[in-house]
Amino acid sequence: IRPGVSGMGFTGAFPSKNGDIGGFTSLDLSLSVGSYMIANAGLSVFQKLAIKSLPLPNFLVAVQVSITLLLLLPFWSTIKLGPREDAAKFFPLSVAFFAMLTGSMIAYQFCSLGTIVVLGSVSPLLTLAAEVMFFKRHKFRYSIHTFGSLAITVVGVVLYALFQYQIEAQFVGIIALVSKIVVAIYYQTRQRYLMVEDPIDINDGGMMVYNNAVTLVGSIVVMMIFNEPHKMTMISVDTYGFIYIAASCLFCAFIGYTSFRAQRRVSATSFLIVTTVCKVAVVLFGSLALDEQYSPFSAVGCGMVLSGAAWYGWDRSNVQQSNSAEDLFPKKSTRKDDIEDFNLLEEEELRRERVNGRSVGNIERDF
């Protein structure tokens, strides 16, 4: 458990005499958090600008995942793709990843940035239901703050939907965005299930390769179905358009690294504050630079959604700290708990035996 110290909202370890915080210098901390904020807000902004310059969502997705795959090549030796059985388990997730990126790009094409931020904040409500129903070993922990934050978020979404100007014109984008959110919930819960309930032998780099490779193939197929190559010849993209497209590709690759780097240097609460500020910045950019209009009630609804999302993240951070404390000071077990723990140990041992047997089979096949 790290001792906390507040300095401009960033909670970390106590600073040393030379100005280091948790082993990181103040400059390193500022650059890491600043680069994440730029990447987080810049991704939404340049995705929107790119699709406005070149309204071909599948082509843009294909270009972005191609760039990501090229950037992974120098790290190929560290990528673990795993055995065929695990690849088969992960394949539906890669298809879901393709659907998520495509739905997201269509949403950027037809929806305002405010609508994307507001509706995207509803996903924790559905994720909560999925984790409660399907996770056995890692139960979802909730508190009164969990339900309070989600209630504020839902009310905010309803206000935004009822009073936002020209919400009907965004219908196609809203359908795509809601579909993307539903698929993303499946993706997140299933991926977590394969990490903690039924682990697979694929590392993060391997998952990125599978996701982007499947998305590239899927995007090319859909691009041909909708005749996007022919439409491309009828669209004129100016210099700024090419800059926006290149920047969207850059930020797609940049966001993962900056997120990981920032989370290593600040507490979960501080990271949440930074993410919320980025969402506010995206909404303000849409209003000021893209002339997106909000009625007074829809603006209040948007504020409630952002507040509810921040409150929910704070609650998740507290629950996680509570779980860590229980791991350090476990409560006295009952006979029922002992039986359940024994059954889980048996299941884990059987899983390890299957993994060991699979590993031996892989060695024999390779030999």
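Cβ from N, Cα, C; glycine included.
The domain 'Sugar phosphate transporter' feature in TrEMBL is assigned to 33-312.
Annotated transmembrane segment per TrEMBL: 21-39 (among others), in sequence order.
Here TrEMBL flags 59-78 (among others) as transmembrane segment. Among residues of the same chain six or more beyond the transmembrane segment (59-78), those with a C-beta under 8 A of the stretch's C-beta atoms are 50-51, 101-102, 105, 203, 205, 208-209, 211-213, 215-216, 219-220, 223, 228-229, 232, 245, 248-250, 252-253.
Residues annotated as transmembrane segment in TrEMBL: 90-110 (among others).
Taken from TrEMBL, the feature transmembrane segment covers 116-135 (among others).
TrEMBL lists 142-163 (among others) with the feature transmembrane segment.
For 169-187 (among others), the entry in TrEMBL reads transmembrane segment.
For 208-227 (among others), the entry in TrEMBL reads transmembrane segment.
Residues or ranges marked as transmembrane segment by TrEMBL: 239-258 (among others).
Marked as transmembrane segment by TrEMBL: 270-290 (among others).
Residues or ranges marked as transmembrane segment by TrEMBL: 296-314 (among others).
If you count C-beta pairs under 8 angstroms between the transmembrane segment (142-163) and each of 208-227, 239-258, 296-314, the highest count goes to 296-314. In the predicted model, the domain 'Sugar phosphate transporter' (33-312) shows an average pLDDT of 85. Counting Cβ pairs under 8 Å that are 6 or more residues apart, the transmembrane segment (270-290) and the transmembrane segment (296-314) reach 3 or more and are in contact. The highest tally of CB pairs under 8 A with the transmembrane segment (169-187), across 90-110, 208-227, 239-258, 296-314, is held by 90-110.
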